[in-house]
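> A single structure is presented below for examination.
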Amino acid sequence: MLIGSYSTSLVVISLCVAILASYTALDLAGRIATAKGRAVYLWITGGAVAMGVGIWSMHFIGMLALRLPFALGFEVGITLLSLLIAVLSSGFALWLVSQPRLPAWQLAFGALVMGAGIASMHYTGMAAMRMTPGIDYDPALFGASLLIAVVASGAALWIAFNLRRNTPYVRLARGGAAVVMGVAIVGMHYTGMAAARFADDSFCGAALTGLSGKGLDNLVLVTSLAVLVIALLTSVLDARLEARTAVLADSLTLANQELTHLALHDMLTGLPNRTLLADRIQQGIQAVHERGGCFALMFIDLDGFKPVNDAFGHHLGDQLLREVGLRLREDLRSQDTLARIGGDEFVLLVQLTQPDDAMGLAERQVGLINRTFTVAEHQLQISASIGSPCSRATVATPRSC
């Protein structure tokens, strides 16, 4: 029985490739989770290729790390089949973690499918060497490699699903998870390699017609790193672009909200203006027709405001108007509307159960205005006149009640 050895440098490189492939997979899972429409399938397809190439190249470099007393080679067709298995398994994994939920039974099924895929990739790749006589496998180590593949796949799926969202320190968490996943993948590979038994008179048939020769490990390494780095950079740059787009969209939404607010509210007091008041009146009329009851419009005209304005200036007068608006709202409900329609004129729209309720509300509003206002350390006294029509359910337009 031949006993092989391993190139330490290639073993370390295979571990690094596995970790990079794992991190790329976790990052791509995050992109897929935020993608919409056809972009989801594009990310899954591209991610499957990148992740599959990464895992397969780790496996291939790991096989090249094996040192035996004869030349090794790999049949092209079977080698490409092992790569296809890796890509399909990766695509299935990325699709699975893109689902809204991942119940336990689905996680277990996914672990079995992905684990079987990774194990199939490995042993198909081993078969690509076309050994004569064929490779024998130690049953215990063979079973252990399958178990590691399934458990590692389940852990990878669970980690990828739970690290999809961009939360604080998510990249650090993905980095730590990638190390764990990379070690698990490498552990499965080298356990499978340890299970292989080569006879003393073994001969690699693919060494003559397949992929072989010095520099093959460098070619595989450079190609796989290029694919992984391009995929990772694409994911990171797209995430940054999406974040900037989201910021711009939020800014635009906020600007539109501010413009809408300015169009419907008085700039001085922040109260609804004529436009918004007219809309609320139409809503009030409709509510009266549908549910009965009545609403009242109270026209409030401040008395004594002009002398204050003349004596202390417009700046203090503006402050007084703001204080009036704040005080009048003290006695109102959330569904009531207090609007400023110009100068020292306000309009109050209230839903009433009985028309007589308007009188009590008007008296309370007058009482609020009659109280002394303190503005810029000045004690100011004004009053108000209030007129109030209302609308009953039996009429189409407001009339006096």
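Each Cβ is built from the backbone N, Cα and C atoms, and glycine gets one as well.
Unlike curated records, TrEMBL annotations are generated automatically.
TrEMBL feature annotations, pasted as is:
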type	residues	note
DOMAIN	6-199	domain 'MHYT'
DOMAIN	293-401	domain 'GGDEF'
TRANSMEM	6-28	transmembrane segment
TRANSMEM	40-66	transmembrane segment
TRANSMEM	78-97	transmembrane segment
TRANSMEM	104-121	transmembrane segment
TRANSMEM	141-163	transmembrane segment
TRANSMEM	175-199	transmembrane segment
TRANSMEM	219-237	transmembrane segment
> Quick check on the domain 'GGDEF' (293-401): DSSP residue counts for helix, strand, coil, in that order please.
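Summed by class, the stretch gives 40 helix, 39 strand, 30 coil.
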> Counting Cβ pairs under 8 Å that are 6 or more apart in sequence, does the total for the transmembrane segment (141-163) and the transmembrane segment (40-66) reach three or more?
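Judged by the Cβ rule, the two regions do not touch, with the required three close pairs absent.
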> Any idea what the model's mean pLDDT is for the domain 'GGDEF' (293-401)?
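Within the domain 'GGDEF' (293-401), the model's average pLDDT equals 82.
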